[in-house]
């Protein structure tokens, strides 16, 4: 690591944390209170609750799921409190001079590590390693999936009020879940409830901010000030929590930690930079509402923008000036607020020097640290060779749209634009020439619709890609090779609890065929028809470069009996294949965990003896359907994989729907590994077959 980067790292580590509202992180910070008995790991309680639900033990399901949620909250609280406690008790010492200059610093690091381990083990009632969970479980809790099971279990127990509360909590983080929305309406109608529903996982800083905006718009400025100030205290507290949680274990993408050949400082840098980037992006996390991908634009600065005028309206000009100057720390060139500053200064008594009024103290240290983090990350990216693009966390499109944007007495020219993105954005552009209408290559294939007829971009619908006999053969082999949850990280019902998902890859099919567990001819058909589909897509869209397989998957989804009444959820929610669809912002974010390297997609259907299961395209709002396609044997829909083609699958309400799903890439670096292995298996099989024909053995000679 370069000298300047190492020095910056030390400076950042030694920079005192911004002061918070509430308890301070001083030397006298009290130790977290010990737990009564060992804390049970929330992932085990969650698994037990789900198992109880599916076995019909609804009381047990409620008991374990509620315990899992309590354990999850308590674990988060313990980690945060221990981080605060150890930061106060074991401050990092600055390096000295001369031989062993770095030893005081690393000694302090080791002491803090020991403090953290001891604190967590004592409060958890055992080693912290017991509470490390899989990405799937972490994702379920982030998406509030336990509340989905809870609302169903509470309904079975005739506890309507608790079911309604759990359903609302789940829906707030999953606003696209139509079934849950309908459940809530049904619960309200049955219980005749008029009071607002409670979100059990509501973020206090967002709730207070929303309340502040509501009072501000009603010209109740005293109440608005109360809630905005409360929102800021809660924001800074939540920022501290977020940063503490970033200090947990990190993933090392380029190497396994124990097998690393990197030096001491490379290992330190790798881990610390991941922690630092996580902490730096807490501002995005705190500005993002549950279930949304994009943050509220200009979120933190808007608190001070609202406050500066609210304080002006109640006659507190010094505080108005402090808040206006705080806002300028984010947007120093905002002419409206610069004018406000001049206006507020003109209202001060003669005894007050305007130059002595500085920006809010609660923000100064926060912004200083944020800027230092940005400089360090940029420096490290250049010196250590990793890529990082600094987001514009405080983006603003002109402020708020209201008559109170500028105080009376200050010139107002032109209309203001609301700070939040409300308008519908145009679909994202594809970074290559768009063409279609190339040859279909094979006889008997029937062209059905093109992009224009399907009301979109880069779309095509074809029939007779498979014959009836091939469909039957593929359906038959599917029953012999498919495994529940295959391709979905073992999840039986990854998208909806009302259907069972089974899948298999080409390589698995060939392996089963080679072992004689399914007919080799049928396994080979799976391989051959996927290659046929690839050639058709490459030819029809007139691509100038080779189209490679990114992932090939045979999948069947089966409607579960007894769970189809009043269904209005989707078998597969609306999404895009290479970006994260954000319907509220009308955006599709091309960033992990999306498969950003995918360029084209295709679905080849094998049957139509089921109900529901229509494939649908929508606008980027994930609601407006632009095309609906009924699957049948031999039908293939293909389209470009980006945000220009949001799509999903309607609920399968009876029977089993089977298809071959194919994703393609134009980048050879992202070729499907199993496909390359399958190519090698096919080459061996072809060679063996050729050898048999070449020898031309007379069966009588074998006697």
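Every residue, even glycine, has its Cβ placed from backbone N, Cα and C.
According to Swiss-Prot, 575, 577 bind Fe cation; the candidate from 475, 647 that the record adds to this site is 647. Per Swiss-Prot, the stretch carrying the note region 'Disordered' among 18-40, 41-63 is 18-40.
Stretch with the largest number of CB pairs closer than 8 A to the repeat 'TPR 4' (301-334), among 42-75, 144-177, 205-238: 205-238. Following the DSSP three-state reduction, the secondary structure of residue 575 (Fe cation binding site) is strand. Figure note: comparing Cβ neighbours within 10 Å for the glycosylation sites 444, 455, 544, the maximum is reached by 455. Separating the Cα atoms of residue 544 (N-linked glycosylation site) and residue 577 (Fe cation binding site) is a whole-number distance of 22 Å. Residues near residue 575 (Fe cation binding site) in space but far in sequence (CB under 8 A, at least 6 apart, same chain), listed by position: 581, 646, 647, 648. Residue counts for the repeat 'TPR 4' (301-334) by DSSP state, with H, G and I taken as helix and E and B as strand, are 25 helix, 0 strand, 9 coil. According to DSSP, residue 657 (active site) sits within a strand segment. Within 8 Å of the centroid defined by the CB atoms of 575, 577, 647, the record's Fe cation site, lie the Cβ atoms of 574, 576, 581, 601, 641, 645, 646, 648, excluding the listed residues themselves. Helix, strand and coil content of the repeat 'TPR 3' (205-238), in residues and according to DSSP, is 31 helix, 0 strand, 3 coil.
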